[in-house]
Every structure is written in C-alpha cells, then in structure tokens.
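Inspection log for the structure reproduced underneath, given as structure tokens.
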Amino acid sequence: MKKSLFWLLALVLSPVAVLVVITPMDSQKQYIFGLLSIGILFLMGFSKRRSVSVIMVVTSLLMSTRYMYFRLTQTLHFNSSIEAILGMGLFLAEVYIWVMLLLNYLQTVWPLKRGIVPLPDDMSKWPTVDIYIPSYNEPLEVVRDTVLAAQCIDYPKDKMKIYLLDDGKRSEFAVFAADVGVGYITRNDNKHAKAGNLNHALTLTQGELICVFDCDHVATRVFLQATVGGFLKDPMLALVQTPHYFYSPDPFERNLSVGRNIPNEGMLFYGPIQQGNDNWNAPFSAAPAR
C-alpha cells in the first residue's frame with residue numbers, strides 16, 4: 001500500500017520534477033539552489049524514516065539530472081576535432097555515472113527488511129539440515145573453529161549433520177573430522193572449485209535443507225533457529241542469505257577515531273544492496289552463510 005501511494009505521488013509530482021530539471025537559472029540562483037538542496041539533504045540525514053530516505057534519493061537524482069541537462073544543452077559546443085573527442089568522451093563518462101546512479105537508486109530505494117520466522121513448537125516438524133563446510137587450502141587451525149562452532153548450534157542433534165568438505169584431500173583433516181565426530185567428504189578431482197565441491201557433496205547427503213559456512217566463519221548458536229523457519233512458512237523459498245560480522249575491526253574502523261560507529265563495507269552490501277535486491281526478488285548467494 002505504501003509503495004503504491006509512493007508511485008502515485010511520484011506520478012503526480014513528475015511535472016514539478018521536470019520543471020526543476022529544465023528551468024534556466026543564472027549562476028547566483030544556481031548557487032542558492034545547490035546550497036539549499038545540500039542543506040536539505042544534510043538535515044534529512046538525521047532521520048531514519050524510509051520515506052525521508054526516498055525524498056533524499058529523489059532530491060539527489062534531481063540535482064544530478066539537472067546537471068546532465070545542463071551539460072547536454074549548454075556545454076557540447078566544440079571548435080575542433082580534438083575538443084569534440086575529449087569533450088564527448090568526458091560527457092559519455094558522466095552519462096555512464098548518471099545511469100549507474102539511477103540503477104543503484106532503483107535497486108536500493110526500498111530495501112525489504114525481513115524478520116525472523118519462528119520455528120513451530122513441535123520439534124518433530126523441524127526439517128533436517130546438512131551443514132557443509134568446504135575447504136581447499138585453508139589451515140586446520142582456521143577450519144577447526146568453524147567446525148566446533150557448528151557443533152554448538154542449538155538445533156536437535158538428530159536433525160543436524162555436519163560435513164567437512166575437504167577439496168585438499170588432507171589426512172590431518174580426515175583425522176580431525178573423525179576425532180570430533182563430523183562427516184568427512186573428499187573427491188578425486190577439483191573440477192569447478194567450491195561449486196564442484198558442494199555439488200559433489202549433494203549427491204552423498206540426504207538432509208532436507210543445506211546450510212553452507214565458509215571455512216573461516218563462526219556461526220552463532222541460534223543460526224538455524226533464526227533461518228530455517230522461513231522454509232516452513234514459504235514452500236517456494238529457495239535461499240536464505242545471512243550477513244556476517246567481524247570480531248576484529250577493519251582498517252577503517254581501526255584507523256579512524258570513530259571506530260565501529262561507521263558502518264563497514266559488509267553492512268552496506270548485506271544491508272541496503274541485498275535487501276534492495278530482495279525487494280525485487282533478486283538476492284543472490286554470497287559468503288559466508290546461506
């Protein structure tokens with residue numbers, strides 16, 4: 001309903017947007033218009049409401065489109081071939097940037113923020129899960145923490161099996177898997193890398209659901225209880241992709257005084273980008289857990 005009203009309002013205000021883009025202004029008026037627009041965006045940045053974010057996107061897009069209209073109608077006048085080549089090259093680069101800006105805004109303007117779907121109280125209705133931990137050349141001290149954390153996941157043990165998928169065919173990994181009581185799967189070749197490793201394992205296990213952890217990621221205890229419920233609610237659901245978080249700060253968090261107050265790159269990708277993809281029914285599988 002909200003999105004329908006948004007598109008209706010956008011249609012009604014589109015003539016105003018066109019006027020904002022094409023109305024000629026002298027340098028003083030353009031300067032005032034730019035400062036007002038930047039000031040409005042700055043003040044709106046303190047609000048967390050989605051409607052305010054949409055207004056910020058529209059304002060930014062109008063300013064960028066006005067600039068492109070100015071470039072198209074006022075600046076593409078050349079006195080020589082070299083000026084035309086260089087000038088058109090720059091203009092086409094700016095057109096590309098404007099198109100990418102537009103597509104990125106369409107992708108992320110309304111991210112779909114899903115909540116956790118609880119599992120039924122009757123555990124007998126919980127599906128069986130096979131946990132895959134693929135590895136190729138990572139050291140055992142890295143993979144060990146991932147395997148042990150997977151064993152600590154709060155899920156019925158008779159409905160959860162863990163498999164170490166060793167594409168490196170290392171004897172110490174086989175011994176470790178046997179010692180801690182998890183399955184160990186390897187294959188004769190390494191065709192298609194990790195995808196081939198996973199596809200090979202699919203032919204050997206029987207779980208109703210597959211959970212994949214990158215071998216250097218540690219799952220929380222509630223991971224399966226927070227993700228499996230969606231598959232019971234929606235039989236057409238094919239994938240649940242989760243974000244990841246780092247124990248140690250990244251270089252920006254470590255070197256800037258604001259530290260973790262600045263969202264890191266992972267929060268951008270697994271937040272607005274993937275949630276925006278979800279709104280278009282187009283999220284995709286990405287490390288670490290899915």
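Using N, Cα and C of the backbone, Cβ positions are placed for all residues, glycine too.
What TrEMBL records for this protein:
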type	residues	note
DOMAIN	131-285	domain 'Glycosyltransferase 2-like'
TRANSMEM	30-47	transmembrane segment
TRANSMEM	54-72	transmembrane segment
TRANSMEM	84-106	transmembrane segment
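With a threshold of 8 Å between CB atoms, the same-chain residues lying at least 6 positions outside the transmembrane segment (54-72) that come near it are 6, 10, 17, 20-22, 34, 37, 40-41, 44-45, 91, 94-95, 98, 101-102, 105, 109-110. For the domain 'Glycosyltransferase 2-like' (131-285), the predicted model reports an average pLDDT of 91.
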